[in-house]
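> According to TrEMBL, the record shows the following:
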{"type": "REPEAT", "residues": "38-81", "note": "repeat 'WD'"}
{"type": "REPEAT", "residues": "82-129", "note": "repeat 'WD'"}
{"type": "REPEAT", "residues": "129-172", "note": "repeat 'WD'"}
{"type": "REPEAT", "residues": "207-233", "note": "repeat 'WD'"}
{"type": "REPEAT", "residues": "234-282", "note": "repeat 'WD'"}
{"type": "REPEAT", "residues": "283-334", "note": "repeat 'WD'"}
Amino acid sequence: ISLSEEKKEIAVIISYWARMARIKLGWIPEFDKFITDYTVHNIFVYSIDYSAFDGNQFICNGSDSRMVHVWDMKNKEKIQSFNKHLGSVFCVQFSPYHHYSCRCNIICSSSNDKTIRFWDIKKGRQLQVFEHTGAVYAIDFSPFNSGRYLCSGSSDKTIQLWDVATSKLLHVFNGHTDFVRCVDISPLQSNNNNGNKSNNIGVIGGNGYTICSGSRDKTIRTWDIETTKQLTVFKGHADWIKSIKYGSNELGNIGCANTILSGSDDKSVRLWDIRYGKQIQVFNGHKDYVNAVEYAPLVINNIGISDGSNVICSGSNDNTIRFWDIRSNRQELYIINADDQDRGIICLKFLKLKNNRIGLCYGCGSGYIRIRG
């Protein structure tokens, strides 16, 4: 063989064993094995969520079809659909509040039709409707009080806080100057942890918890739930912020504690330090909009999937999912190249599979939901 061909073969061998070493060192899990996929329609899958109940595992999704679908992972089939939204469904989540309070399985969804709706999977009916004055891009349940409280972000430039038990709007957070595209509620913050996780002070309690929000105004803002005050404004992105996630505080000051992860239409992934209110890292490599970011779970406990690691991942319109080590600004740890027909990675979700395995589920611009493990 020629010298150039020999160099190529050597490079392939080195790349393979370097990747295997990274896996063994716990930097990235093995996501090469394709498990299954689900076809929604020939439309964008904007959001996916996962839950396990009645001895089975389920996925729900929201899309451009205006419908919310529920899938049985064991039988790989759709078991329920809800069709009362009048616009694209941007976000879906299984409701922890209903699971803990009444042992029923409810999905919450938000839409371009300016509503947030709750759906009873078993009975196949709508339960509640909350309303914004603009499209509702994002929702998130509180990690305290058994998920009783829900925050939402909208094109009306507000973040709103709701009491799911009473269907009441508790507070409206104002400060963004453009669409609010994503929201997340923190774990208990170590720099404000003098409160009990289920206290009853302030608006709803939640002392030590905050909300972060990302907007088309190119800023990320944090808000104190107890006092309802704006805390910090993070600036650095040059375009829409499409996705934000709080890091876990499970490992104290190790790994992703006290951080916020963000992805933007400026093609970058960024990491922010909550305590000091500044940017820590910028990860460049994507060739198109970054639609989704997640802390990669490399540890599984008896309760669920832990996100206490040093690895993050991101999904982009460039049809790739990239893994990064937050301790380094270097090149990606690993890249998953999606199928050409997928037309971009729109959303990501890590799943707890059988035998303590981790699965990576992602929704595509083509209407596919794919799972690797």
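Including glycine, each Cβ sits where the backbone N, Cα and C put it.
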> By DSSP, how many residues in the repeat 'WD' (38-81) are helix, how many strand, and how many coil?
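Across the repeat 'WD' (38-81), DSSP assigns the residues as follows: 0 helix, 29 strand, 15 coil.
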> Which sequence positions outside the repeat 'WD' (207-233), separated from its termini by at least 6 residues, show Cβ-Cβ distances below 8 Å to it?
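Same-chain residues near the repeat 'WD' (207-233) but 6 or more away: 140, 142-144, 151, 153, 157, 159, 161, 171, 173, 175-189, 192-197, 199, 201, 239-244, 246, 260, 262, 264, 272, 274, 277.
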> Count up the helix, strand and coil residues in the repeat 'WD' (129-172) according to DSSP, in that order.
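Summed over the repeat 'WD' (129-172), the classes give 3 helix, 25 strand, 16 coil.
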> List the helix, strand and coil residue totals of the repeat 'WD' (234-282) as derived from DSSP.
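Grouping H, G, I as helix and E, B as strand yields 0 helix, 25 strand, 24 coil.
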